[in-house]
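A.B. asks: The structure under discussion is supplied below as structure tokens; questions concerning it will follow.
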Amino acid sequence: MASSTSPASAPAAVLCALLALAAALGARAGPLSPAYYEESCPHVYDTVRRVIQEARVGDPRIPASLIRLHFHDCFVNGCDGSLLLDDAGAMQSEKNALPNRGSARGFEVVDGIKAALESACPGVVSCADILALAAEISVELSGGPNWNVFLGRRDGMTANFDGANNLPAPTDDLDLLRQKFSDFNLDDTDFVALQGAHTIGRAQCRLFHDRLYNFSGSMQPDQTMDLAYLSELRQSCPASDSESTALSNLDPPTPDAFDNSYYGNILCNRGLLQSDQGMLSAPGGAAAPTAPIVGRFAASQADFFQSFATAMVKMGNIAPLTGSMGEIRRNCRVVNWG
Ligand code: HEM
Ligand SMILES: *[C@@H]1O[C@H](CO)[C@@H](O)[C@H](O)[C@H]1NC(C)=O
């Protein structure tokens with residue numbers, strides 16, 4: 001008996017060891033997979049890409065706006081598409097929270113992507129995955145790196161208005177911002193790399209007005225800001241209107257190209273938001289702990305691209321809903337019926 005079981009159990013033991021290894025590796029990579037829709041919606045990538053290509057013809061800012069949506073989704077309740085839900089009954093939309101209201105944009109493009117996917121493969125692709133794919137494609141279309149997008153997230157059934165109000169703010173100090181990222185296991189390299197998304201897109205005057213005229217209630221501009229840049233910004237962002245929605249480019253040298261010039265700006269004290277410049281210099285002139293990473297990315301676009309891609313995959317892995325959790329929304333703005 002013993003001799004007849006042992007030849008069979010030897011390969012079984014090897015098989016079990018392999019399965020355990022695969023499970024361990026799988027657990028480390030998370031439950032998401034780049035091949036998730038290979039059978040169920042083989043053209044998902046091309047479909048998302050086509051809709052974004054069409055949208056950005058009329059609005060070159062769209063790629064930037066879409067990247068930001070993925071960030072604001074993942075940092076609130078995980079990457080579950082909760083940001084996309086509109087107000088409904090007792091549910092308060094995240095879209096109306098302070099960091100998003102009058103600011104987060106691109107929702108119509110997400111609707112367009114969802115509609116195209118519902119006609120190609122109904123009920124299959126989640127809104128949360130659409131945001132992850134749209135972010136990668138937007139970076140790539142803007143000249144940035146590409147990476148394998150992990151897929152298989154499902155959509156949440158609730159919005160978290162208070163959570164959205166706690167998103168990183170441009171007026172948060174460096175330590176608070178680092179804390180908000182490390183809460184999601186994103187280290188300083190991830191933190192500095194992810195803010196490099198500000199290499200494209202725009203920001204409204206009201207979000208940096210204090211830096212130009214009345215920094216920390218001092219009635220003086222932010223002393224860290226380059227003077228020529230200060231006077232440039234004042235031309236489109238007037239003292240008289242601290243609520244102005246006039247736009248400035250986050251990366252003036254190459255406003256719509258995904259490159260590393262954002263970090264070069266910061267080295268020249270030409271970061272637009274307090275949170276951008278704060279990665280280099282702490283108030284009082286002390287060097288910030290993140291300063292060496294800013295220098296490294298300014299010196300090497302390849303380093304920045306690699307770290308950005310790694311950090312985007314990590315951010316996309318924040319608390320996804322998988323298995324039987326959540327649902328696949330049919331319309332990204334509302335939870336399904338029943
Ligand atoms: C320290 C953390 C961050 C802060 C405080 C911050 C803050 C801001 C602010 C205030 C704006 C301007 C919004 C407006 O004027 O309406 C903005 C725009 C933008 N943010 Fe961030 N952000 C942060 C991190 C990130 C991350 C991690 C990403 C993506 C990976 C990102 C992507 C963008 C993009 C692409 C835009 C331009 C959007 C557009 O033109 O529509 N940001 N951010
Ligand atoms: C300057 O900022 C302080 C504090 O933020 C505020 O109380 C004050 O009203 C501001 N002054 C002007 C002229 O905007």
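Cβ from N, Cα, C; glycine included.
Just so you know, TrEMBL annotations never went through curation; they're auto-generated.
Fair warning: this is a prediction, and the values are worked out from it, not measured in the lab.
As annotated by TrEMBL, active site, proton acceptor applies to His72. TrEMBL lists Asp73, Val76, Gly78, Asp80, Ser82, Glu94 with the feature Ca(2+) 1 binding site. The substrate binding site annotation in TrEMBL covers Pro168. Residues or ranges marked as heme b binding site by TrEMBL: His198. Feature annotation from TrEMBL assigns Ca(2+) 2 binding site to Thr199, Asp251, Thr254, Asp259. According to TrEMBL, the feature disulfide bond maps to Cys41-Cys121, Cys74-Cys79, Cys127-Cys332, Cys205-Cys237. Taken from TrEMBL, the feature domain 'Plant heme peroxidase family profile' applies to 31-336. What TrEMBL lists as signal peptide is 1-29. Sequence annotations record features per position, and here TrEMBL assigns site 'Transition state stabilizer' to Arg68.
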A.B. asks: Which of these binding-site residues has the least crowded Cβ, counting other Cβ atoms within 10 Å: Asp73, Asp80, Asp259?
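C.D. replies: Checked Asp73, Asp80, Asp259; of these binding-site residues, fewest Cβ neighbours within 10 Å: Asp259.
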A.B. asks: For each of the recorded positions (Val76, Cys79), count the other CB atoms lying within 10 A of its CB, then report the residue with the highest count.
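C.D. replies: Checking each of Val76, Cys79, the winner is Cys79.
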A.B. asks: Which recorded positions from the list Arg68, Ser82, Glu94, Pro168 come close to ligand 1, meaning a Cβ under 6 Å from one of its atoms?
C.D. replies: Arg68, Pro168
A.B. asks: In terms of Cα spacing, which of the recorded positions Cys41, His72, Cys79, Cys237, Cys332 are within 10 angstroms of Glu94 (Ca(2+) 1 binding site)?
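C.D. replies: Cα filter at 10 Å returns His72.
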A.B. asks: Around Ser82 (Ca(2+) 1 binding site), how many other CB atoms lie within 10 A of its CB?
C.D. replies: 28
A.B. asks: Spatially, which candidate from the recorded positions His72, Asp73, Thr199, Asp259 is nearest to Cys41 (disulfide bond), comparing Cα atoms?
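C.D. replies: That would be Asp73, nearest by Cα distance.
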A.B. asks: Select the most exposed residue of Cys41, Cys127, Cys332, where exposure means the fewest other Cβ atoms within 10 Å, treating these as the disulfide-bonded residues.
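C.D. replies: Cys41, out of the disulfide-bonded residues Cys41, Cys127, Cys332, has the fewest neighbouring Cβ atoms within 10 Å.
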A.B. asks: Counting distance between Cα atoms, which of the recorded positions Ser82, Cys127, Asp251, Cys332 is nearest Cys237 (disulfide bond)?
C.D. replies: Asp251
A.B. asks: Is it possible to get the count of other C-beta atoms within 10 angstroms of the C-beta of Thr254 (Ca(2+) 2 binding site)?
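C.D. replies: Here the count is 16.
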A.B. asks: Looking only at the domain 'Plant heme peroxidase family profile' (31-336), report the model's average pLDDT.
C.D. replies: 97
A.B. asks: Centre the Cβ atoms of Thr199, Asp251, Thr254, Asp259, go out 8 Å, and tell me which other residues of that chain have a Cβ in range of the Ca(2+) 2 site.
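C.D. replies: So the additional residues around the site are Ile200, Pro253, Pro255, Ala257, Phe258, Asn260, Ser261, Tyr262.
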A.B. asks: Out of Arg68, Gly78, Cys121, Pro168, Cys332, which of these recorded positions is nearest Asp259 (Ca(2+) 2 binding site) by C-alpha distance?
C.D. replies: Arg68
A.B. asks: In sequence order, which residues at least six apart in the same chain have a CB under 8 Å from the CB of His198 (heme b binding site)?
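C.D. replies: Listed in sequence order, they are Leu250, Asp251, Tyr262, Leu272, Leu273, Asp276.
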A.B. asks: Quick check: with Asp73, Val76, Gly78, Asp80, Ser82, Glu94 left out, which same-chain residues have Cβ atoms within 8 Å of the centroid of the Ca(2+) 1 site Cβ atoms?
C.D. replies: His72, Cys74, Phe75, Asn77, Cys79, Gly81, Leu83, Ala128, Gly156, Ala159, Asn160, Gly163, Ala164
A.B. asks: What subset of the recorded positions Cys79, Cys121, Thr199, Cys205 lies within 10 angstroms of Asp73 (Ca(2+) 1 binding site), using C-alpha positions?
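C.D. replies: For Asp73 (Ca(2+) 1 binding site), the recorded positions whose Cα atoms are within 10 Å come to Cys79.
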